[in-house]
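Written out below as structure tokens is the structure these notes cover.
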Amino acid sequence: MKILLLTLVVVTIVCLDLAYTRTCFRTPYKPETCPPGQNLCYKKSWCDAFCSSRGKVIELGCTAKCPTVKDGKDITCCATDNCNTVANWKSR
């Protein structure tokens, strides 16, 4: 009986650990596992005072709901692992 109980506990723990979680690129540019409930990746970009010399500021991360678009900001959301890439950056 003890062996059966122990087996059930081990199986439960293994099943809970196998729950799928999204992986997104985060700022700084590296892939990370998203917190529970955050199943979307996003890429937000905008111009600041240095936009003409450095280019747009880019923010990457995980979210539960795609952020609302505000004036001057571009927001893209996606729902596959590491889908919020930046064209000129390389993963390290």
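Sequential numbering from 1, following the chain as shown.
Each Cβ is built from the backbone N, Cα and C atoms, and glycine gets one as well.
Record source Swiss-Prot places C47 in a disulfide bond whose other cysteine, from C41, C51, is C51. If you go by Swiss-Prot, C24 shares a disulfide bond with C41, out of C15, C41. Of the listed cysteines C66, C83, Swiss-Prot assigns the disulfide bond with C77 to C66. The disulfide partner of C62, as annotated in Swiss-Prot and taken from the candidates C15, C34, is C34. Of the listed disulfide-bonded residues, namely C41, C62, C66, C83, the sparsest CB environment within 10 A is found at C66.
When Cβ atoms from all protein chains are considered, those within 10 Å of C47 (disulfide bond) total 14, not counting its own. Calculated from their C-alpha atoms, the gap between C34 (disulfide bond) and C66 (disulfide bond) amounts to 14 Å.
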